[in-house]
Every structure is written in structure tokens, then in C-alpha cells.
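Straight from TrEMBL, the features:
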type     : residues       : note
REGION   : 1-30           : region 'Disordered'
COMPBIAS : 18-28          : compositional bias 'Polar residues'
REGION   : 103-127        : region 'Disordered'
COMPBIAS : 103-114        : compositional bias 'Polar residues'
BINDING  : GLY136, ASP156 : S-adenosyl-L-methionine binding site
Amino acid sequence: MLKSTKRKPLSAGRPPLLTSNPRALTQKSSRHLIRTHHTLAKKLSFAERNNNTREVVLLRTKLADLGGIESYQAASSQGQAVDRGGDSSRILIEWLFKNENHVPQTNTPLSPSRSEARPPLNIKESGQNPRMLEIGSLSTNNACSRSGKFEMTRIDLRPPVPGIEKADFMLLPVPETPYDILSLSLVLNFVPEPGQRGEMLRRVSRFLRRGWEGNVDASRSRDASGAPSNGLLFLVLPAPCVLNSRYLTEERLEEIMRSLGFALRERKVGKLVYYLWELVGPGDGRVWLKEVLREGGGRNNFAVVLR
């Protein structure tokens, strides 16, 4: 019997709710909680796929004992707190609002072919702010929100604070007016299944502005309003997802994104990897399945699948 390919909401991979307020965590404790949560969530997804009811109940209990989604959100929020230097949106601000002489950070061994010149991204001040959709938003006080330079829409499955809409991105209708920028900061790694991750990236492309379909020269980075002529995706992942995965490398991620119509504009690597992708065309619809790209022990199993 074939397994159902029906698209699951993101909430299918979320832990149970906890009604009590989570305690404050140290930075070390926050990292440990996040790692443990992801490990349990991965095991839970596997148990659910295999209809292992006993294991599902056990793992859901462990996730609840860990603190549920509130504790996970609290740990993530503390990890991205400004006083800890963890607000990833600061990097997006730096990339978007820089001087015209800046050279994009994409001429790396990752893809030498990108040396073909494209104008630097530099969103000028204008009367109309670029529209940004922030998925998995944890705060209304990050750099993008405080800047006043964006028309912000923030969503999360279970908003931790006022000012964030309760919504599941995978169930949202495609907007009539597309967004200029979409932020997926430490969200894709939360999605439990490789195929769901691929579907999320495919949906992102449907939510973004497509400059080549209108009267905008797609070779430019801005239109007359100052907004990007093509939509931009800000993607942040834990570095091991692409630097130590058995099934995903940076080169394969770029190939997957190219199949969806994206070109890499900016890249920064540390404990996290930060990417800025520009939607430059419709993509080629290529299928990417799970395959071993790195041999050896000590690898993780993070993967992205496009069907």
C-alpha cells in the first residue's frame, strides 16, 4: 500500500503544549534543550510514520517533560537575544542596506560560476517599504522589526508574544500581492521530513515577487520603489545541517535551490549558516532525492528532498 503524499501542516511535527511558564535558561542549557528537542522530534516523526503507537506516546511524554513548545520557543528566543549577539536578522539588515561599493560574498569555492557580475543588493530609502514575511517569528523586537524599513508580517504556529499572527505557512493561501522578502531563520531544520522541507522551499518561491514576469528588468536588484525587483529568501540553518550531513552539502543545497529558480547572493558561515537567495526565474523542476554525499561516521541525517 502506497504511503499518502498529502501535504502535512507544520504543526504535525510540533511537540505538545505546556501550560506553565518555562523557566529562564542559561545559554548552555538553551543549546542543550534545543538539541534534545530536535532529537526527540525526529524520533517522534519516525515512530508516527511507522504507526508505532507505544513509541509515539512515550516520545510525546518526553517532549512534554522537556517543556513542550513554550520551552523550545523560550530557548530559541534566548539564543537569538540581542544581548547574546544572536539576532540573525542583523545580518539580513547588513546585506540589504549596504553601500553601493560592497562586493557580494558569493565568490567562494561553493560556486565560482557566480562570479558573473550582478549589481550589489542595496535597498534605498523610499516611500514604500519592502514587504517581509517572517515565518516562525519569536519576537517583535529583532533588528528587522526595529529598523522601520520593512512592512512586516510575522507568523508562527503558536505565537509567543502579541504582534505575531497564528498561522501555518504550509496552509496559507498564496498571496495576491507577493512578498519582497521572506525569512526562514532556524525554521527549515524544525520541519521533520526531508520531503516536507523541499515542499516548504517550493512554497516559498510561490510567495515571492517575480520580477521577470512583469515590467521589471530582472537583471536589476531594485525597482523604482526601492524594493528588490525579484523576491529574496533569507535562510538560516545550524551549520551541521550542511557541513556535516550525510545527505546534504552546500553544493547540493545550491543545486536544489537553483532547481526552484533561486540564485545565491550572500553567504556567511559560523555556528549557523546564513544565506540570501534571489528568485531569478521559474526553475527547472528537477527532482532531488535523498542520497549519500558524505561517507564516514559522526554524520547527521539532515536532508532536503524535491519531488
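Here the Cβ of each residue, glycine as well, is placed from N, Cα and C on the backbone.
The model shown is predicted, which means the values in this text are computed figures rather than measured ones.
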Are there any residues in the same chain, six or more apart in sequence, whose C-beta is under 8 angstroms from the C-beta of ASP156 (S-adenosyl-L-methionine binding site), and if so which? ILE135, GLY136, SER137, LEU138, ILE164, GLU165, LYS166, ALA167
Provide the number of Cβ atoms within 10 Å of the Cβ of GLY136 (S-adenosyl-L-methionine binding site), excluding the reference atom itself. 20
